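Student: Pulled these from TrEMBL:
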type	residues	note
TRANSMEM	24-43	transmembrane segment
TRANSMEM	63-81	transmembrane segment
TRANSMEM	160-185	transmembrane segment
TRANSMEM	197-214	transmembrane segment
TRANSMEM	234-252	transmembrane segment
TRANSMEM	272-290	transmembrane segment
TRANSMEM	322-343	transmembrane segment
TRANSMEM	349-370	transmembrane segment
TRANSMEM	382-408	transmembrane segment
TRANSMEM	414-433	transmembrane segment
DOMAIN	466-526	domain 'CBS'
Amino acid sequence: MLKKKTPFTKFLVWRYKNISDKNFVYMLSILVGLIAGLASVALKNITHFISTIFEEGIIQSYHTYWYFAFPCIGLLLTLLVRKYVLKSDVSHGIPMALFSISKKEGKVSRKNTFSSLLTAPLTVGFGGSVGLEGPSVATGAAFGSSIGQLFHMKAQTRKLLLVCAAAGSLSAIFKAPIAAILFAIEVFSLDLTFASLLPLLFASAAAVVTRIWVIGEQYIVNFKDIQHFEIKNILFYALLGILASLVSVYFSKVYFTTENQFRKVNNEYLKVVLAGIILGVLTFLVPPLYGEGFSFMNNLIAQNYDQALETFLFKDTIESSWVILFLIFGLILLKPIATSVTLSSGGVGGVFAPVLFLGAVTGSFFVNICKQFGFHLPSSNFTMVGMAGLMAGVLQAPLTAMFLIAEITGGYELFIPLMIVVGISFMISKAFSDSNIYTKELKDKNALITHNKDQAVLTLLKLDRIIEENFVKLKPQMTLKDMLFTAVVKSKRNLFPVVNEEEELVGVITLDDIREMMFDTSLYDTVLVEFLMHDAPDYIYYGKDDMQMVMGKFQSSGAWNLPVIKEGKYVGFVSKSKMLTAYRRKLITY
């Protein structure tokens, strides 16, 4: 008996008949943008509600002593929600989305649609020194993927919707739709074609409209005091670009070093305690490290140093500009540590806001240094451009950095200095590392999609789909006669794996190895398989070797078939011809 069609199934059938795939993708991109915008606003409002209760209520009543406790409490609550409510890890937003594109055909677990909404506000709202941009992108990407799966879209369309949602999230947070599109191109390595550009435009625009409709026109960064670019300051902008690159390299080094050290700690609760103590001490001594830090950034841009530094424990001792300079320099050194500790210990957040924070501090530090030597520079300009310099260096997304600051400032007054600072910072940072903070781990695993089409297609191939198992296995103790009548006669292949009792591969035999003795019956009972077998030219290790490594092994060995080993056991063979066929098919649809 046929199942009765549901209304949704009827809609899908009607859609296939009446709406083209192209137009339907446009419609879905608008829907994805709306949802991503709402999710970003919801995440921001939940976090703001929590932080307002503690930062403006309890902390103002009891001064800075509570700074010591709240980050630890936030990390502990985040851990408990992950373990007992979600019962799974909450992946870092942008790397998770990148991995889903490269290895999961754009499929993201539906649990990710709400996991960041539950955990990120606890981490950031209680003072974790991270931002909400990463969790917002993760939430948006999960919704984009889920919508693609719901409407049975192809893998390529699912990936596009995922990226549209990510761009929509960023567009809604910063009210910067062009920068969000460029972010999708630079970080997600999306090919800019007519088929991808329009959905990105629709999603980014829909997300911004949603944000304005819900919370209004205000920006999260104050830009009222931006001044016109003066050609006489061009050398100073170049010097700021060099400084921004050095701070970017420092941030990345601290981040990866801290992450590696925390990986050595197996107990999750111990991680939280260690991170809580470190964050507690840092935020107690340097309160601007608490949370995202956008209010502090706005005070720096406006040169309101008294308000920016009013939460310091020893604020009454601030009398000279050198003391202010020393405190700002301390923020440059300590912010990367606070951010890295928060994320490495299991906190949920992103590095986008910390990078902007660090860029603003770097720009302000540079202006104040120059001021000590008699050079009076426009503080707001250098603070904003410093933010772009750090983005270009740490995230290695120069176009995103330029257009984000240009859109935030409401025009292109700073475009020339932005180009100078961003270009220098990106160039020097790139010389230290080819990967940014989002992609390094994925690149180490060869799971990163790039604009290199050949490498991208290899990354998308899956080893499971090209392993062949129709080979007759031999035992070392078998005679030549046994081999001929139980294996060679029955097999359609000219290659035979030899395995022991534990199914471990001990050698291989080809028809060429036995061709001269096949018809010599005097050898049937005297020659054993173990005397005929030999080692394979190379081995493919399942779960360890990616497709680029497999291709390299074929090239270096000159073989047409290589055995696959999984956990020490023989699995099957991969043939070079089948791999190349799969590559060509994937290339056609890429």
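Using N, Cα and C of the backbone, Cβ positions are placed for all residues, glycine too.
Because TrEMBL annotations are produced automatically, they should be read as predictions rather than curated entries.
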Student: What is the three-state DSSP composition of the domain 'CBS' (466-526), stated as helix, strand and coil residue counts?
Tutor: 17 helix, 15 strand, 29 coil
Student: Establish whether the number of Cβ pairs under 8 Å between the transmembrane segment (197-214) and the transmembrane segment (234-252) reaches at least three, counting only pairs separated by 6 or more residues.
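Tutor: No, the transmembrane segment (197-214) does not contact the transmembrane segment (234-252).
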Student: When you scan the chain for residues with a C-beta under 8 Å from the transmembrane segment (414-433), skipping those not six or more beyond its ends, what do you find?
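Tutor: Same-chain contacts beyond the flanks: 226, 229, 233-234, 237-238, 240-242, 244-246, 248-249, 252, 381, 384-386, 388-394, 396, 398, 401-402, 405-406, 440.
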Student: Test the contact criterion for the transmembrane segment (382-408) and the transmembrane segment (272-290): 3 or more CB pairs under 8 Å, pairs 6 or more apart in sequence, then answer yes or no.
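Tutor: No, since the transmembrane segment (382-408) and the transmembrane segment (272-290) share fewer than 3 Cβ pairs closer than 8 Å, they do not count as touching.
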Student: Over the domain 'CBS' (466-526), what is the model's mean pLDDT?
Tutor: 86
Student: Select the range from 160-185, 272-290, 349-370 that forms the most Cβ-Cβ pairs under 8 Å with the transmembrane segment (234-252).
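Tutor: Ranked by Cβ pairs under 8 Å, first place goes to 349-370.
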